[in-house]
């Protein structure tokens, strides 16, 4: 599911403190929104925010120092610079921007203010640089409009990698998470994980506000991990890099290969995520196994595949006629 709506007043309120901007014109329609088709078609937030450009409609148009000079009558050449200025400013209406932002501490031209009032286009002004405004708004909109879903499991920071522990209820995911926390790793979310596709190649996991810092362990109840283990034991968000799926031993023997030639992946929001399957059985140290799986994944991300190296070594020995034993 991908949200397609945000209003001008919501955008203004979200960054009133950070960007210290003022709402100069276009107060009549604070509910003015982004074009939903443009939001659905956007490949990234860069398609929704940028410097003033007559080729790209339906996006937040940022007017910096150079753009203000372009819209001033003194910059217009010809017999009637005022008429040319009016023409340049009027073209902005055809872009149907949800919001117009004048940055770099510039004073918006009077004709631009009047045009925004007539066309009911919200006009914000800020002392911050145009580049900074673009960075802030792109980051905000990339999260707001991101494809999203929720998954059941425990999401953790293990050795700097975002790892989602999944499996059927009762296998001990939360207990495993608690043991990993005691070994120095960090908790992002327990039970419910909100996942957002924040870019073409990245999925970010966060904890619902209601469950933040909490871990439920059967027989003990709710634990406040931040209060018990300290600030370093929790994380606000992580990029999802690995799924560790816990199964019963009989399920592993029946449904999965012991040494899969091809690595396993699971589709999350249209993006393949590496997956490792670990059997839960008496006497197995799951925390050590998960750490080993994470370390192996780090090697694979660096281009080192132990299993493929072993297969190649085996082929080389067969070709040489030496058993290697």
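Please read every residue number as a count from 1 along the shown chain.
Here the Cβ of each residue, glycine as well, is placed from N, Cα and C on the backbone.
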Handout entry: Residues flagged as region 'Important for the catalytic mechanism of dephosphorylation' in Swiss-Prot, choosing from 267-272, 273-278, 279-284, 285-290
Key = 279-284
Fill in the blank from the handout: Reduced to three DSSP states, the region 'Important for the catalytic mechanism of dephosphorylation' (279-284) has 0 helix, 2 strand, 4 coil
Problem - ATP site shell beyond 167, 168, 169, 170, 171, 172, 173, 174, criterion: Cβ within 8 Å of Cβ centroid - result: 246
Practice task
With a 10 Å radius around each C-beta, find which of these binding-site residues (167, 172) has the fewest other C-beta atoms nearby.
Solution key: 172
Exercise for the section: Rank the recorded positions 152, 169, 173, 191, 216 by the number of other Cβ atoms within 10 Å of each Cβ, and give the residue at the low end. Expected result: 169
